[in-house]
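Here is what TrEMBL records for this protein:
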type	residues	note
COMPBIAS	1-12	compositional bias 'Pro residues'
REGION	1-33	region 'Disordered'
TRANSMEM	42-61	transmembrane segment
DOMAIN	105-294	domain 'ABC transmembrane type-1'
TRANSMEM	107-133	transmembrane segment
TRANSMEM	140-161	transmembrane segment
TRANSMEM	167-187	transmembrane segment
TRANSMEM	218-240	transmembrane segment
TRANSMEM	275-294	transmembrane segment
Amino acid sequence: MKNTTTPPPAPASAPASAGGPAPPPPAVTAAPEARGKRSGKILVRLAIGWLALVGLLAVFADLLPIPSYDVRIDSPALGPSWDLAGLLGTDAVGRSTLSRLIYGARVSLAVGVVSVLIGMVIGGVLGLLAGYLRGWFEKVVTIVTDSLLAYPPLVLLLAITSTLGSSLRSLVISLGLLCVPSFARLARANTLAFAQREFVTASRALGGRPLRIIFREILPNVVLPVASYAFVFAAVVIVAEGSLSFLGMGIPPPSPSWGGMISTAKDRLGTQPHLVFIPAVTMFLTIFALNVVGDRARTRFDVRESAL
């Protein structure tokens with residue numbers, strides 16, 4: 001009788017002998033997340049560099065070898081030249097576009113910074129008190145802030161500016177008041193998150209007064225998350241100032257601002273487009289840089305809006 005048992009399969013040959021060279025390791029490529037983080041860091045650094053450049057030019061504009069923003073240097077609407085004063089050409093009156101751009105940066109940045117500080121201080125105090133005291137005070141603050149946020153901001157801004165008049169002071173005050181409701185909501189949301197923490201409960205149990213607890217215990221933990229939104233609000237304020245200047249409700253001439261430069265040159269867009277594009281691109285880059293830095297700051301401090 002024949003043996004029908006199937007012989008066992010031959011063992012597979014080893015990929016390489018014990019003494020042979022080891023197979024090359026697989027190529028290691030950078031993860032997309034790592035590349036994204038590096039690109040984000042580069043973008044943040046470029047944004048910070050641009051803001052630093054604009055800020056330094058605005059602060060030290062009087063020390064630069066350029067004419068004043070209201071001095072006529074040449075014929076109207078000239079193109080760029082190799083002269084420093086005429087590097088970006090002249091406007092419709094013959095004034096240096098470079099000078100007006102730099103002095104306009106001083107106005108736009110001053111409006112953005114001071115208005116945001118006004119809104120952050122007033123809105124922050126209201127939000128802190130509302131988030132800690134609760135009760136009727138919180139209800140009043142919530143109703144007022146929600147009502148102001150529901151109103152069209154440009155219409156509200158036009159109403160306030162029409163009442164206060166067209167000047168740098170009235171523009172700063174009106175834009176600052178426009179920032180108050182948003183900062184109040186942010187401060188209230190962060191205060192609600194910290195009001196029940198152990199260190200606040202311990203301070204309350206030891207007989208701490210409400211104002212002392214608010215400004216000694218809660219404020220140091222709330223100020224950085226709330227302040228991280230200041231860059232984004234500054235960008236919004238610069239856009240609002242430019243919109244008002246474009247509508248003729250901004251800073252009166254001859255004081256320059258980026259929005260005012262765009263408004264003055266809009267009729268020459270077909271013949272001298274650089275008079276519009278130069279301030280528009282400068283405003284765009286500044287607003288973009290503020291948003292990039294603001295997003296980075298919000299990510300850094302992990303601002304949460306779950307309590308809004």
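Glycine is no exception: its Cβ is also placed from the backbone N, Cα and C atoms.
The model shown is predicted, which means the values in this text are computed figures rather than measured ones.
Comparing 42-61, 140-161, 167-187, 218-240, 275-294 for CB pairs under 8 angstroms to the transmembrane segment (107-133), the maximum falls on 167-187.
Remote same-chain partners of the transmembrane segment (167-187), defined as residues 6 or more beyond its termini with a Cβ less than 8 Å from a stretch Cβ, comprise 107, 110-111, 114-120, 122-128, 130-131, 141, 144-146, 148-149, 153, 156-157, 160-161, 222, 225-226, 229, 233, 237, 240-241, 244, 250-252, 255, 303, 305, 308.
Long-range contacts of the transmembrane segment (42-61) within the same chain: residues 102-103, 105-106, 109-110, 282, 285-286, 288-290, 292-293, 296, each at least 6 residues beyond the stretch ends and with a Cβ under 8 Å from a Cβ of the stretch.
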